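Annotations per TrEMBL:
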- H101, H103, E108, H147: Mn(2+) binding site (BINDING)
- H103, E108: oxalate binding site (BINDING)
- C24-C39: disulfide bond (DISULFID)
- 53-199: domain 'Cupin type-1' (DOMAIN)
- 1-18: signal peptide (SIGNAL)
Amino acid sequence: MLPILFLIPLLLSTTCHASVQDFCVADTTASDTPAGFPCKPEANVTSSDFVYTGLSVPGKIIALINAAVTPAFVSQFPGLNGLGLSALRLDLGPGGVVPLHSHPGATELLIVKSGHITAGFVSSANSVYIATVKTGELMIFPQGLLHFQVAAGKKGAVAFAFFSSPNPGLQILDFALFASNFSTPLIAKTTFLDPELIKKLKGVLGGSG
């Protein structure tokens, strides 16, 4: 009887390990779903599916924010599919800014490679947490909370961010309000902003309504 008892955990372990899938490289020709992309046939998977070089060079600076954000999400890096993480590169020119935004699907960990970045987030209790993060230092931004990054001082900065999802999602507050067709009267009603200011910001960001 005793040998049988020893065999049961061994059999269970073998069964569990047999059901584990090592990876699921995204088939990006198909549609993304809440569960992720479907898997590329393993016979078509190559080493290049697990390597991404897009973060090795600075991104293209957007003049309005004097910053570049280069993602390595599942759409760019199919090998991340189903593995629960992703990354991006942030290049900030002097005074560059990533405006208030949130990632509905992931927590963010920011690591500063060079320069100084003033960053912060607003909790659901409306408490504000701000710090100036220096080269080699890290800051965490909990999932779904509004946060920002600004180059500190007179120089630019470079950082890398890592996320707890292959597709963290992104919503930029200014763009949601002023680059959309959200009507000016409703924005004024729900934010208490002056309608003329709203129209001016819509003019800058290309919104309508």
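In case you wondered, yes, glycine gets a Cβ from its N, Cα and C as well.
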Between H147 (Mn(2+) binding site) and C39 (disulfide bond), what is the CA-CA distance rounded to a whole number of Å?
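Each residue's Cα considered, H147 (Mn(2+) binding site) and C39 (disulfide bond) end up 33 Å apart.
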Taking the centroid of the Cβ atoms of H101, H103, E108, H147 as the Mn(2+) site, which other residues of that chain lie with their Cβ within 8 Å of it, listed in sequence order?
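Other same-chain residues near the Mn(2+) site: S102, F121, F141, L145, L146, P168, L170.
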What count of other C-beta atoms do you get within 10 angstroms of the C-beta of C24 (disulfide bond), across all chains shown?
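Around C24 (disulfide bond), other Cβ atoms within 10 Å: 19.
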Looking only at C-alpha atoms, tell me how far H101 (Mn(2+) binding site) is from C24 (disulfide bond), rounded to the nearest Å.
29
Can you give me the Cα-Cα distance between E108 (Mn(2+) binding site) and C24 (disulfide bond) in Å, rounded to a whole number?
23
By a simple count of other Cβ atoms within 10 Å, which of H101, H103, H147, the binding-site residues in the record, is least packed?
H101
Using DSSP, how many residues in the domain 'Cupin type-1' (53-199) fall into helix, strand and coil?
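DSSP composition of the domain 'Cupin type-1' (53-199): 22 helix, 57 strand, 68 coil.
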For C39 (disulfide bond) and H103 (Mn(2+) binding site), what Cα-Cα distance in Å is obtained after rounding to a whole number?
24
